[in-house]
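Structure record follows, encoded as structure tokens.
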Amino acid sequence: MLDNEEFMLDTSPRELTQNPLKKIWMPCKNGHIAQRRVCTTNCPTLIVTVGLPARGKTYISKKLTRYLNWIGVPTKEFNVGQYRRECLKIYKSFEFFRPDNEEGLKIRRQCALAALNDVRQYLSVEGGQVAVFDATNTTRERRGTIVKFAEQNGFKVFFVESVCEDPDVIAQNIVQVKLGSPDYIHCNTEEAIEDFMKRIKCYESSYQPLDEVLDRDLSYIKIIDVGCRYLVNRVLDHVQSRIVYYLMNIHITPRSIYLCRHGESDLNIQGRIGGDSGLSPRGREYAKSLRKFIQDQNINDLKVWTSQMKRTIQTAESLGVPYEQWTSLNEINAGVCEEMMYEEIQENYPLEFALRDQDKYRYRYPKGESYEDLVQRLEPVMMELERQENVLVVCHQAVMRCLLAYFLDKTAEELPYLKCPLHTVLKLTPVAYGCKVESVCLGVDSVNTHRDRPEFVWDRGLHWIRENR
Amino acid sequence: MSSTQIDNGSANSAEAKKADMRMSEKKCSWASNMTNSPTVIVMIGLPARGKTYMSKKLTRYLNWIGVPTKVFNLGVYRREAVRAYKSYDFFRHDNEEAMKIRKQCALVALQDVKAYLLVEGGQIAVFDATNTTRERRDLILAFVKENAFKVFFVESVCDDPEVIAANILEVKVSSPDYPERHRERIMGDFLKRIECYKVTYQPLDPDDYDKDLSFIKVMNVGRRFLVNRVQDYIQSKIVYYLMNIHVHSHSIYLCRHGESDHNVEGRIGGDSELSPRGKQFAHALRDFIEEHELSDLKVWTSQLRRTIQTAEELAVPYEQWKILNEIDAGVCEEMTYEMIENAFPEEFALRDQDKYHYRYPGGESYQDLVQRLEPVIMELERQGNVLVICHQAVMRCLLAYFLDKSAEDLPYMKCPLHTILKLTPVAYGCKVEMFYLNVEAVNTHRDRPLDKIPRDSALIHRRNSYTPLSSHDRVKRPRLYSAGNQPWLPLAPTPSALMPEGRQSQESLCEGSDSDSPEETSGCVRF
């Protein structure tokens, strides 16, 4: 689940060789690396949402998928509504969803099966670990079908039910995500809302919520009133435990997260990476501008977080508000390359330099860290960011890239090349299913520390053993 | 904090002064940072529902992550008030005399809770009692409101008779209430005791009466949970922890990698290979595992060569965890202690002043290590049988969690090479068995220096850290024990081989409490 490797041994002790990119010791015999075999005890997991329309199922599905992918668990969501839109092409009205609409029922069932087929493909063939089956799944019969499907394919099943009767929450939901749906593209607001409410009614009569007695052998979490209360039943394994913990920490209260780097530092000016230097004069100016910016934003109850490195702390000091230091927010550890310039690294460690450009996400500095390690280290920060409301995080380039990748759902390939310039604040505001980003440059000059993805990657033809991927 | 009379529960002034001194030493764990108002955790449930088990375990976990926590067990107060327990009649709800005494005990306990949280620097108090009536809970709610504490209820509900019977056998049979140890009679009396409580038991009602309270209802030993209105970070962590622990029997084996080349040269850190003797140990470890016929044993290593090489010899699948890597000694990596003393004499001295909080320049501290290791602990709680092949500092941290050792003792625990520790949860604590595999190795242990500088001297400035001016107070919370109860079982002492030099061997290993010097235990309830 975490960044671990599992090996099956065939014979007695093997030599260890270190993968030059990830700096991980792996056993090999006669120069051949042991095939990494996916452990058969870690079966894929099928997460199944349950709930009436406008209960946040898709919101949860997308968020959960984003989180799991970020921590390195290949996850994909399968939204049955999408399949239905593919099939139907044109949505007429709620009548399609009437429980006595035979034609409608047939199509809906087909769509569910098509989606499950793709789930099987993803989990059994494409190497996915978790699939999120996003649909209402409100009847016991439908859920039974899914459980059987999972059993046949050796998947574990975990249900996530969202129950909510608060009319305000439901109304908010509809306004935020339903009005803009392809289904209502030709309707005005009133028509859309009216139709949608009737749609919900269609499901209500046949809704069989997960039951304490009848469903006591299933693994599930029931989320009640947007996280006011949770009912958790039979958590089976590590993945499910992490999912439960995550779901219990997220909320939908409107808020904003501000991400920025420390002010320009002395080492920045010298073009050196890492280290623990103080702010340059321009950096100090930035800190003052940041103070003004924060005051102008007039944020309610803002928390300020920094790393434990001098440059972020000095930046926060200028703000004149209490702040908290997190070691986990420290910049990526560049190991032997700390405080070097890129030119020096290229000169002294040409192989390392080349390797980093090959796979910047997984590349680990000798005696240092990789972006992949950074994400693992940042997970508790992320969890707490989810719990909090308005937060300003003053951190570092690599750290900010990781956090940004989480909020904006960037892949491991994109993450290390995200642009996070000095003296610029990114304001992230969760909206609908994603995140609105506003970039504010505070008008203080600085050096540019960004290195783009290189066009040509050097393969020096040295003999290193390539990992089977 | 001794309070043996029922009508006087306040701390005396000498104790208060000591607490003040501790409050003025300021350093803080990341978890402690995140909690503001003190919290009272209130256990709820009929007898033999695992309340004390959960209280102690939770307390041990919270203290380990640096949140000062203490258990207040009402049974202990009751036993003090009523010297000789006669029979279950004491617990009948119509026994007015007894009811009066029981209520008084609760009030005294709450006063101690107040002192702990307001005066002694505690962050969390666990009030371990049945608390089965609304009346009692309302009393506690009023107390909590009056003192501006947060409150979080943990209710344990269990209707599985086998689980209850097993509980009674494991921990009640040897309770001080039942000195004669006549099993059947004890079982009989205890079951009648439970019946007394059942009459007036009002479980938490999430739909109506208790819908605004923050709580977790644990049902049938963790099969099912109901979580209501989690308020903050620490409650969220408590919920996560309670959802990950289990009561199935399992054993955790901790050992270090075999002796490495650096070990032989006296160098710390680095990523060297096993020495010939180290390889021998790996062989012996393989035999050990086969002998012990461990079903379904998981093997975990770090990502440093020496642990992986050790695991390779075992010819079983293993998992590499980067977070099990040895403490990062920063600029001191691969140096010998002599070299460090010569090159960085000030750092060397600082480390001896406060080994737990000291952070190597460009490296880590034990405190950082604990934070890094938390996911390992959480996963160990979830798992069955696991063998963890790790490193000296890492093993000390893990051991401190299982054996409830304070930040003072942790960095000096003895974790010699070529020795396996088998930890088996038992009753309220942990049984430890040491296995030395008879392969010689160098000794990498450094004892606590004798001429230790007293704790209340000037603040230690941490390297690479700018002393903040306007941030929160960074309070050094002394790790207080989760003790408070006399040991109930006569237990084998901690193998003296494990104890830091100069400390007596514990009598009550399983309880996780220590026979400490008075200054250490001034916060504890002692009877």
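Yeah, the Cβs are placed from backbone N, Cα and C, and that goes for glycine too.
Looking up the ranges B:1-20, B:261-280, B:461-480 in TrEMBL, the one annotated as region 'Disordered' turns out to be B:1-20. Matching B:Arg185, B:Arg193, B:Arg305, B:Arg306 to the substrate binding residues that TrEMBL gives (B:Arg256, B:His257, B:Gly258, B:Glu259, B:Ser260, B:Asp261, B:His262, B:Asn263) identifies B:Arg306. A count of other CB atoms within 10 A of each Cβ picks out B:Arg306 as the most crowded of the binding-site residues B:His262, B:Arg306.
Our reading of the substrate binding annotation (B:Arg256, B:His257, B:Gly258, B:Glu259, B:Ser260, B:Asp261, B:His262, B:Asn263, B:Arg306) yields a largest Cα to Cα distance of 14 angstrom. Other Cβ atoms within 10 Å of the Cβ of B:Gly258 (substrate binding site) number 30 in total over all chains. Mean model confidence for the domain '6-phosphofructo-2-kinase' (B:27-248) is a pLDDT of 90.
Sitting within 8 Å of the Cβ centre of B:Arg256, B:His257, B:Gly258, B:Glu259, B:Ser260, B:Asp261, B:His262, B:Asn263, B:Arg306, and not among those site residues for substrate, are the Cβ atoms of B:Val264, B:Ser272, B:Glu273, B:Leu274, B:Ser275, B:Gly278, B:Leu417.
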